[in-house]
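Visitor: Here's a structure for you.
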Amino acid sequence: EEPPAPSEEPQTEAPPSEDNQPEQPQTEVPPARAVLEELRVSSVSPSSVQLHWSVPEGSFDSFTLQFRDAQGQPQALPIDGGSRSVTVPGLSPSHRYRFHLYGLRGGKRIVRVSTDTVTGEGQANEEPLPSEEPQQEKPKTESPASEALPARAVLGELRVSSVTPSSVQLHWSVPEGSFDSFTLQFRDAQGQPQALPIDGGSRSVTVPGLSPSQWYRFHLCGLQGRKKIDRVSTDVMTEGPEELPLPSEEPQHGKPQTEPPTPEATPARAVLGDLSVTSVSPSSVQLHWSVPEGSFDSFTLQFRDAQGQPQALPIDGGSRSVTVP
């Protein structure tokens, strides 16, 4: 049987009901009602699932997708509030997963939608990866097999926009034409090929579940129908497991402390306010912070799990809260 999902544990605030009714915030009422539509599975492979949803009324600051991996460990994937789809990679073949998508506003979970799905059978890769030899020349456009395509489609450069010890965010452009879909191919730290399906309207993707201090080569293939029309590639190394010293391992019940700003001058001063705990359950913690001055491109939350292993959670620069399951 599927173990209870990370969202199933008792919470200090009223748990969301299964019929997607909004939770009652503890103090103030949100400015406007926000509604999440059904969470749908749009594509499944042996190692990934692509999910879609809609927001027919109102808006959310961010989303959080929660599920348990094949080992039963809870996972949480932060998602930008403007997104309407996400691809979850690194899954196990022929395994049932239950996904819970939370809509957050003002740091509070307003509504939840859920869905179950089973990954495909067989190996994690649907087809062999391209050659692993470095390609220094300009990416070539593959010729269509026989019939002419309606319009030429070209992929721009594949760029790395952010890197953490466990994830990489990639961006690209489509300067000419359009693609029905994309596939991101790479080999994991164990050398196993992975293929991540991506919606044709996307121009960025975050690849989680990577290993620290590891070189990865990513190949982004643009597809029209089932044909690969163009491909671009890039190499990137993930950060080390601990870029900053982790806090003391003893529980701290006193006032959270703000780190002093670094002595080097930066183009614009940016300041983090206090990190505060807003809710606690037996298996999760919700944290809030402020940015009283300036802005940050992104955040990274570092901590050690119950086994003493360092963990790093990448967070969007516009976020002011996170739930750690």
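For all residues, glycine too, the Cβ spot is worked out from N, Cα and C.
What TrEMBL says about a protein is an automatic prediction, not a curated fact.
Just lifted these from TrEMBL, have a look:
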type	residues	note
COMPBIAS	18-27	compositional bias 'Polar residues'
DOMAIN	35-127	domain 'Fibronectin type-III'
DOMAIN	154-243	domain 'Fibronectin type-III'
DOMAIN	271-325	domain 'Fibronectin type-III'
REGION	1-30	region 'Disordered'
REGION	118-148	region 'Disordered'
REGION	235-267	region 'Disordered'
Visitor: Mind checking how the domain 'Fibronectin type-III' (154-243) divides into helix, strand and coil residues in DSSP?
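Guide: Tallying H, G and I as helix, E and B as strand, the rest coil: 0 helix, 50 strand, 40 coil.
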Visitor: What are the DSSP helix, strand and coil residue counts for the domain 'Fibronectin type-III' (271-325)?
Guide: 0 helix, 31 strand, 24 coil
Visitor: How does the domain 'Fibronectin type-III' (35-127) divide up by DSSP, counting helix, then strand, then coil residues?
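Guide: Across the domain 'Fibronectin type-III' (35-127), the residues distribute as 0 helix, 52 strand, 41 coil.
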